[in-house]
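*Asks:* Following this message is one structure expressed as structure tokens.
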Amino acid sequence: MLAVTLLSLALLGSTCACSTSTSYEAGIVCRITKAALLVLNQETAKVIQTAFQRASYPDIKGERSMMLLGRVTYGLHNIQISHLSIASSQVELVEAKSVDVSIQNASVIFKGTLNYGYKGAWGLNIEQSVDFEIESAIDLQINTKLTCDSGHVRTDAPDCSISFHKLLLHLQGEREPGWTKQLFTNIISFTLKMVLKGQVCKEINVISNIMADFVQTRAANIISDRDIEVDISLTRSPIITATYLESHHKGHFIYKNISEVLPLPAFSPTLLGDTRMLYFWFSEQVLDSLAKAAFQDGRLQLNLAETELKVVLETWHFNPNQEIIPEVITGFPSPGQVTVHCPRRPTISCQNKGVVVSSPVVMEFLFPHKDGQDSVTHTFEEDIVATIQASYSKKKLFLSLVDFQIKPKTTSNMAESSESIQNFLQLMITTVGIPEIMSRLEVALTTLMNSKGLDLFDIINPEIITRDGFLLLQMDFGFPEHLLVDFLQSLN
């Protein structure tokens, strides 16, 4: 159950404002469907086993008057789990209510020490201490609600029940029934059932909230990088339907702890389906804010030394007219470097044909001066509008250029400028600059995503789709074993 609900939260995870609004306003929306829950349910046994093992089982003590034996006292001590196996489990989504998980035919073996004694009618005092095993077969029903507490997502399982089909007491490893075994089985069975139910259900709630914090921290880390963070607070409580779980997030970017709060766009549930396991909806406002944060952080700049520039030109098979290049660098013995940067922040919008990036671009040719300082010999600025489509395959991000427009704006050192130089620079940006920037972005973004552990997920047939005003990710996935392993290790 925890593997279902809480690993779902690893995908949905966030802090929340606990709003009771019925509106659908968000910058980011996440939908995880019933098919995904069935995959996550595969490893329910490991988390349930952890709950049983972590539960603290109190000593069970009591006494009872028995015919012939007199007053019998008993105590079960050091109760622990020695084995647990689950035959099957099912998960259901109850609309507007809960995530329900049924576990059938779980085999659980408890072990510990039994102390007992009695004073018989003939003055006999008998005290014994023996090791025991309790062999049980149970069904477990857990109905989990997603709630908010102190600004965080919390899970609550008020409906947690355990049904015992078998409860056998074995003393010192013996399997043949005896009067002692029969006596204490009858005495302690009811008490033991109540204690186990209370402790196991309590531990399930404890672990669920530990895991909620774990996955929310992990989710926040995945979408943060240095001074750039994303506010993924919920704009309303999570939605549960018969076919999916859905959460709605602000998606405001935070740069150096300063957040720009913008009006949230409207989201329509009909924009997402339920045939894939996982959906993410991003408004173009989120992508535009990302471009702004990257610009503020100085990430939109490229510096190439002379040797690097030559390698880049060769990579893209650029063979410019040899008479033009000397004209650009007239008066300087050897070029220092070329710098490409955005003087103002880019803007991003989403259209059916792709993500549209509009940005002013400045190219500066820098050459060493006689006094050892760099000197700008030529500056070329233009406005570029590029339409890009993206795909993700074999754990790598790929960008493809669908369309572009270039509008020259200004050049410096006009005495050295000419129409041929402008044509050369425009040609170089078209055939080298844009492809090189996109290639470097592919590598940088893939490296960033993998540094956050994205490559550890088994992502199946992902699709990146753009529509007017938003970008949509939809995919299937295999069970995120690494998340479960990390979480279970964190409990130790």
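Glycine is treated like the rest: Cβ placed from N, Cα and C.
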*Asks:* Quick test of reading the record: Swiss-Prot lists a disulfide for C160. Which of C148, C201 is on the other end?
*Replies:* C201
*Asks:* Sort out the sequence-distant neighbours of N257 (N-linked glycosylation site) for me: same chain, 6+ apart, CB within less than 8 Å of its CB, listed by position.
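*Replies:* Looking at Cβ-Cβ distances below 8 Å from N257 (N-linked glycosylation site), excluding near sequence neighbours, one finds none.
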*Asks:* Going along the chain, which residues six or more apart from C201 (disulfide bond) have their CB under 8 A from its CB?
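*Replies:* The list for C201 (disulfide bond) reads I142, A157, C160, S161, I162, given in order along the sequence.
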*Asks:* Hey, what's the Cβ neighbour count for C160 (disulfide bond) at 10 Å?
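*Replies:* C160 (disulfide bond) is surrounded by 19 other Cβ atoms within 10 Å.
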